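Features reported for this protein in TrEMBL:
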- 41-60: transmembrane segment (TRANSMEM)
- 72-92: transmembrane segment (TRANSMEM)
- 135-158: transmembrane segment (TRANSMEM)
- 170-191: transmembrane segment (TRANSMEM)
- 203-222: transmembrane segment (TRANSMEM)
- 234-255: transmembrane segment (TRANSMEM)
- 296-319: transmembrane segment (TRANSMEM)
Amino acid sequence: MRLLERMRKEWFMIGIVLAIAGAKLEPSIGVNGGPLMPEITVSYIAVATIFFNSGLSLNTEELTSALVHIKLHLFIQIFTLAFFPAAIWLFLQLLSITPINEWLLKGLQTVGCMPPPVSSAVILTKAVGGNEAAAIFNSAFGSFLGIVVTPLLLLLFLGSSSSVPFTSIFSQLFMTVVVPLIIGQIVRRYIKDWLERKKPPFGAVSSSVLLMIIYTTFCDTFSNPNIDLDKFSLILILFIICSIQLSFMLLTFIFSTRNNSGFTPADTVAVMFCSTHKSLTLGIPMLKIVFAGHEYLSLISVPLLIYHPVQILLGSVLVPTIKSWMVSRQKGVKLTRPTV
């Protein structure tokens, strides 16, 4: 199962490259008013499909066992949706004096505002042997919370750069995000046994729809002659993203391993992944809504498109090291326990 998940993620990365290349070759297909009619198929149908799929696949019944660990959940959610975006905002005040493309910097802020992903943090926590129940709970709960909090954070830190009124943004979010998610959860209750027996390819469906959104987003970019992305800015953004990811993983590790933290080594593993990972599946559709019609939407999306594979790559590379640390700490705890 883990091998299939890894293969799916690899194909998705290839799909992102092909989607951007296809948009570069023939942008007229995916622009507003073009044959794909993204103003309808993407803005409404594609986004609603992703969140209906999320509602259908989220196994909320499994989360009850993790509810009791309130301190752990509070730490993860506050770090993800409060500390992370605030720290990025402060960091961007320094970066604003550099020659880095301003829209890529705004894109970094959007990364900070995103909720945790539903899958990658859970998969990596499980690979290490950490607190999987806590990872599942915080990924799912963070996704639900992000539906409300993320748009508010985006508007707080960046403002709505589109011509769409504030009320229209939230009414569209409600109709294309909240309603499909709730319907998906209701439908799940009636076909739960069938879903568990057949195990439909939820990940593949969401990934395919997401590639369509990415393709049309970049069609808008390449059809706009005024947009110019320099390679220097792109390379710096990649370096900054890697640094942010590693720094925040180290920070969560330090906080969660203090003597008075109350967290076990298994909890620390869940904290490191859930607090620092960000959702591309939920993020791109939200950006599409909040920044509807914005000519630099694709540039704003670039840091999130980079952050997604970086978090998976770094997480996968660090799995053996984190697992070795966790096992040694657990053995140490057992050895120090008094025998009765």
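For all residues, glycine too, the Cβ spot is worked out from N, Cα and C.
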Restricting to the same chain and to residues at least six past its boundaries, which positions have a Cβ under 8 Å from a Cβ of the transmembrane segment (296-319)?
9, 13, 16, 101, 103-104, 106-108, 110-111, 114, 120, 124, 127-128, 161, 214, 217-218, 220-221, 227, 229, 234, 237-238, 241-242, 245-246, 249, 273, 276-278, 280, 283-284, 287-288
Using a Cβ distance cut-off of under 8 Å, indicate which of 41-60, 72-92, 170-191, 203-222, 234-255 has the most pairs with the transmembrane segment (135-158).
72-92
The transmembrane segment (41-60): which same-chain residues, six or more beyond its ends, come within Cβ distance under 8 Å?
118, 136, 140, 143, 172, 175-188, 195, 202, 205-206, 209-210, 212-213, 216, 281-282, 285, 288-289, 292
